[in-house]
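J.: My questions will all concern the structure given below.
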Amino acid sequence: MESRRATRGGAPTVSSSGVVPGPAETAKRGRKSTVRNRTPSPPPARKASPGRKASPSRGKRTSPTRKASPARKASPARKASPARKASPARKTSPVKKSSPGRPPKSNPTKDTTTTKVSPDEPRRSARIRISEQREKSPVLKRSLRDKQLSIILDDEESSKKGSPAKSTTPNTSQRSIVTTTGRSRATGSRSVSVANDSQEFSDHEEIEFQSFHKDDNGLNRDKAYARRSASKQLHDLRDYGGNWGAAAVLLLVPAFIFLTNHFCSGAAHRDCSFKLPANLDEFKTLSTYFNREVGVIFLLFTWGMALVTALPVGKAVKIVDEVRGQQSYTFTGMSCAVFTGLAVFVAEYCYKYPLISTISKGYNQLLVISLAYALVTALLAFIKSRYVPQVNWNPFAKTGRFLSDFFIGREINPLAFNTLNLKLVHYHISVVLALLFNSIILYRNLHFPALPVTEEPLSLLEKLTFTFKNLEFEPTPVLAASLTILYLLDLLAYEHHLTHSFDLQSEGFGALLLLRYAIFPFTLTLLPKYVAAHKLAGVPGWALALVALVALVGLVVKRSSNRLKYQYRLNPLGEKFIDLETLPTFQGRRLLVAKLWGRVRQPNYVGDILQNVALLPLLYWRFAWPPLLAVLFTVALLVHRAVRVNDRNAKKYNSAWQRYCSTVRYMLVPKVF
């Protein structure tokens, strides 16, 4: 009874052991009595968050809110950084339900966020808010010095607190992270927000990594990289070495062609050697380079070729190109040759105009006029290309340098009046002019007999029979001119085989192509002209037969390979090509690996080379440097063109062309090149 009164009055009670119980023992007894009486006091109601939905099984009952202990609040390692809260990868896990009597577990090394945040509210850290305010308000923008002072003050505050471990919370003005050992170091490295990484950097990063800023140096870096890559692509697409190569070709090639032809023309240079005369007045006079009468003849001839080329009287071919779409060509080469022959006949025999002698005497002047005309036409074509969309330009003439683009040619197939193909016009001028030169050589080396005078007029058949029986000729010049004429007639008769050629589909209409067309008649005619001037009567018959055999073999090789390529490109799925071996490409095409195209990569150029070198053995009986150099120059052009075609195919077909080259290893000569 006394003990009960003392307890009720508030005096300390004494246990049976005589020891006064402490506060912890009293709390324990209180809990036991509470459990024994089964009348627990109701827990405080838990506030429901806006984003938390009540479970139907729970009803209106809410779980008590777990309060963090004072030690947990005071722990510096358990503080969540603003960047850690804003990081989208650090989503808060839902609050685990814990029993009322079990205290929450605390782990000072593991950072877990227990606060339930509504998904409707954006999670923003203090660092993001400060940066946004700084962007909106110029007053809040701090200088580099202010940021450095802020870092120093933050370091001093963290050192004054005397925490056992430095805080891993990043500074709002600096992205430098002071990590600790163990798991806190990994936690600090993960606590940087992804959003903040793209907005702000530390002072040192602003100095050392300025190229990452998109507003200034990043764009400059991207522009510099784009310029370097564009210059590399232009370097890959550059032909003849750019401006320097174009300037060298434009100066050296016309000079070389003029000198080789000048020293083989006229009575003063009959020996055809590079010997300067004692008097150099011939190089100072204008008549050496230009003749008005020859210029008028050349202009009339050019206009005539343009008119005949525009007529729809040839073979029409339509192709579909993956870049330029559908294209149609009308090849009128033979019509141009017939028109030229009729014009010469009318001028000589109807109007008694000495056209043949005028052309023969003005051979050098005609060469200079052709070169000047080629350069002027290339300049006009370059000016015309400025009014053409750049999509239709030659990709190898987009360097932006005048000389290089003027040399290569910006347009592939320019049209005049939307109908006349200028490339075909100048091709006809070149080939038909060469045909005219060699026809004159052949005509002058044929000695026609005079017809007998009879009482009754002879019929046409009788005249032809008498002329053929009594015809006299020089065998060597006639053979040289005849083989050259056969070569040119083949080019005109099968001109439609050019549809898928490099010249028509890839070569630009510039100074390079036009100069080649301008010098072609003169380089091809120089050797027959030299042979006709010196007759070369001592050449044996077996040598002439060998020359003819080589020329005919070259003609067969060139024409058979071009015919196979032309027919295959027009209809690759035809019955003729079912058994032919081909190699597929990623562009949807197939490369021929059959017949001559399986032996070498450019058999058509092999035929051209054989036809050009066929006449070289004739120089054994009378040697001269200019004709030899002219033939070698033509061969060098053909070899260089084959190399250019190979390089462009390698860029176009990539790995497929490498496989093709591993199958067809040689370009022109088996086992050699």
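Just so it is clear, glycine is given a Cβ too, placed from its N, Cα and C backbone atoms.
These numbers come from a predicted model, not from an experiment.
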J.: From 331-351, 583-603, which range did TrEMBL mark with transmembrane segment?
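T.: It is 331-351 that TrEMBL annotates as transmembrane segment.
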J.: Quick one: do the transmembrane segment (363-383) and the transmembrane segment (539-557) have at least 3 Cβ pairs under 8 Å, skipping pairs fewer than 6 apart in sequence?
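T.: They are not in contact.
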J.: With the transmembrane segment (331-351) as the reference, which stretch in 244-268, 424-443, 508-527, 623-643 has the largest tally of C-beta pairs below 8 Å?
T.: 424-443
J.: Output the single range from 244-268, 424-443, 508-527, 539-557, 623-643 maximising the number of Cβ pairs under 8 Å to the transmembrane segment (289-311).
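T.: Stretch with the highest Cβ contact count: 424-443.
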J.: So which of 244-268, 424-443, 539-557, 623-643 is most in touch with the transmembrane segment (508-527), counting Cβ pairs under 8 Å?
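T.: Ranking 244-268, 424-443, 539-557, 623-643 by Cβ pairs under 8 Å to the transmembrane segment (508-527) puts 424-443 first.
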